[in-house]
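Engineer: Sharing a structure with you now.
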Amino acid sequence: MPNNKRKNRGNKNKEVTMTPSNEKDTPIQDYEDDEIEEMQEADLKKLIRTLRSSQKQILELQKSLMDKIENLSRENEILRRNQNETKQLVQQETGIVTEVKNSIDQMKNTIESLTNRMGEAEERISDLEDREQERIQSDQRKEEEIRNLKHIVGNLQDTIKKPNIRVLGVPEGMEREKGLEGLFSEILAENFPGLEKDREILLQEAHRTPNKHDQKRSSPRHVVIKLSTVKHKEKILKCAREKRQITLRGSPIRLTADFSSETLQARREWRDIAQVLRENNCQPRILYPAKLSFVNEGEIKTFHCKQKLKEFVATRPALQRCLKMCYTQKQRNTVINMKEGKGRKPRKETSQQKITGNSKHILELIFGKWQGKVTTYH
């Protein structure tokens, strides 16, 4: 038995001797107490070296593990801090989101309030527009009524003034000797001897108009003569048209019919058109109270307003050409006069020049602005 034990120890020593020289990789063997007692000194030393090497490895492993544990602790601390910072950021973001939600809710409430206000404002605007439309219609009706009333008043004035004669050019103060009635009798005796003896012509009233004399007026106030009948007025005016030149004590005067201001303005407008028609031999006449009559293609045409005249001229190419040629000639004359008048002192317009300018304006109203090319002759 002791020999077997020794053989076994020898085998074991051989196995120990045959272990690799790298002590770090040498595994630690388990030895029983009786085997340790039987070991030799070399084996013990080798065993001790192996144990020391293993101890170093364990220490190194322990140190490595401690380093790893420390690193893990640091990383864990960093992660904890990051987690805390993330929580704070999440809380801040949550607060911001809550504030944004509150702001959105406030904006929704504000928008809803504004929408309601806009609806109320639109209703008010719609009401105001309806009222404005009603006011416009009411104003239009009132204007139409005013125009009708003015027309009625004008007709009444024309009816009242129908037997009147207006005398222009009688100097102020001349009536002091005989009065206005005596001056009218003198006009009849001087210009119409036959009418002066006609006892049927009765003068009912005579006055100047306007009632107040303006010292700045260069021309004297008109004299209005009211006769007993329209027939006598027409008779006197017919004689005045035939004689043409009427005088009072050698000074020229004029006799005309007495009209309201509206009728007088309408007759003045027709007068400008009549001047253009007269230049084209259309034999124009201004009828009572304010109608234009002229001859076209052998027929007498009468118009109450310029719109009807415009529609008629549009259907008469020959008349339209004549009037446009007259208008073009007036434009040429205007250009020539402007060129000749360069560097000269401007002269006061004559009555004929005023009529020509007004005729040009009336033609523009009838035809629109003439776009034809105007040739200037030098």
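Heads up, residue numbers simply count up from 1 along the chain you see.
Glycine is treated like the rest: Cβ placed from N, Cα and C.
Where the annotation comes from TrEMBL, it is an automatic prediction and has not been curated.
Below are the features I grabbed from TrEMBL:
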COMPBIAS  1-11  compositional bias 'Basic residues'
REGION    1-29  region 'Disordered'
DOMAIN    162-258  domain 'L1 transposable element RRM'
DOMAIN    262-324  domain 'L1 transposable element dsRBD-like'
Engineer: What does the DSSP secondary structure composition of the domain 'L1 transposable element dsRBD-like' (262-324) look like, as residue counts for helix, strand and coil?
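Structural biologist: Here the numbers are 35 helix, 14 strand, 14 coil.
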Engineer: Summarise the model's confidence over the domain 'L1 transposable element RRM' (162-258) as a mean pLDDT value.
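Structural biologist: Mean pLDDT, the domain 'L1 transposable element RRM' (162-258): 84.
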Engineer: Can you break down the domain 'L1 transposable element RRM' (162-258) into helix, strand and coil residue counts using DSSP?
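Structural biologist: Secondary-structure breakdown of the domain 'L1 transposable element RRM' (162-258): 35 helix, 28 strand, 34 coil.
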